[in-house]
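Q: Below is the structure I would like to discuss, written out as structure tokens.
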Amino acid sequence: MFLFSLTVLSALVLITESIPSVATDFPFFEITKKFDDIETYNNDYGILKFQEQEPMENLTCASCEAPSERECTLNQTAVVCDQDPNIACLTFEAFNNFTMTTTFRRGCFLSGILCENACRSFNASQDGNLTSCVQDCCNSSLCNAGSLPTEVTTEASTTAQETTATSTTTKQSTGASTTAEPSTTAAPSTTTKQTTVASTTATTTKPTTAPQTRATTLPTTAPTTAPAPIACGGVLRGRGTFTSPGFPGNYPNNVRCEWRVFLPRRQAIVFRIVSLDLADPGDSLEFFDSGRVIRTFRGLSRRKRSPSHRQTTNEKVLGEGEDGYYDDQEYVDYYYYDGRRKREPYFYQRRKKRRQQDRIVIQGRNQVAGAIFQSDAAGNAAGFSTQFVQGAADSESEASASSESSDED
């Protein structure tokens, strides 16, 4: 028994020694080790990195430049960019604060690392006058191409189909008349008379009636609904005059007009109100500086004389002969009436002027200033007329601007 167990133990030892080692002899570990060596070799020489950043060949981008996105889309063309890994398709829109214009552009752009270099380079070419700029870069062919809405095109196509349909029906009807007549008169042996009669009737009667009535009814119904737009507002430059719509006639209801001007440093603009006649408190003329309203004129909400008020014969003005302490250039007269609006004032007061009511001076600080006119639906009047002069800031304009108070009486 002892000898049998000894032989079995020796046999097991021989079997275990003959089994190959998993850590060294199995071929799978040799294969993975070879792949690890290849990966480290590629990383050392940058082969994998070069394959990931390989540029796209023949990148095609949409190219156009216009004041609006719609005009740019209408005029866009496809261009092939240079083969460069840093070139991308660009779309950007910028607003120039000095010229008050918008530029919309598409095309190839050498972006480098950041796409925002487009706004920086364009702002440098515009002397730093851009107030807003939006850019977008992409790296697939025609990824920056724009498209227009299909509503206008479908209407045009449907009208074209209707006109073509009417023309085809008239031609078919004339062809039927020419073929029907020879079939009925095919019994006689003479064929020359039949051909002459068919040609005369087909050319004289059919084409003159159907196309004319169809063409006159379709185009006359559509273009009668669009109202004429009211043109007002704009960009102010140099010197000139701007007025309310329809001046010296009454301005329309529910209208808003805005005039803007860009004021660089060491420049100023002077507004002088020549005439002012507003109907009610819902109608106003505002002057703003950098989005902040600095002066507002409204319709008569208080029984006080406005800058456009004309003196009547019943109003009394104190002169230097009656009161030596008053000066007409430094004081203004106020007349108060009762609820029935009698012409005779029941209360009269003379107060010293705080500022010139018809003159507004704004100093330049590289900002946007201007005026806004608004009217409601309660009524209308003659409106206003304002003169403006833009130029270099002097001591007189600075002194007049500093003497003006911020609130209106």
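Along the chain as shown, the residues are counted starting at 1.
Just so you know, glycine gets a Cβ as well, placed from its N, Cα and C.
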Q: Quick one: sort out which of 305-325, 389-409 is the region 'Disordered' according to Swiss-Prot.
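A: Going through 305-325, 389-409 one by one, Swiss-Prot gives region 'Disordered' for 389-409.
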Q: Quick check on the disulfide-bonded residues C232, C257: which one has the highest count of other Cβ atoms within 10 Å of its Cβ?
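A: Most Cβ neighbours within 10 Å: C257.
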Q: Once the DSSP letters are reduced so that anything not helix or strand counts as coil, what is C257 (disulfide bond)?
A: strand
Q: Which state, by DSSP, holds C232 (disulfide bond): helix, strand or coil?
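A: The three-state answer is coil.
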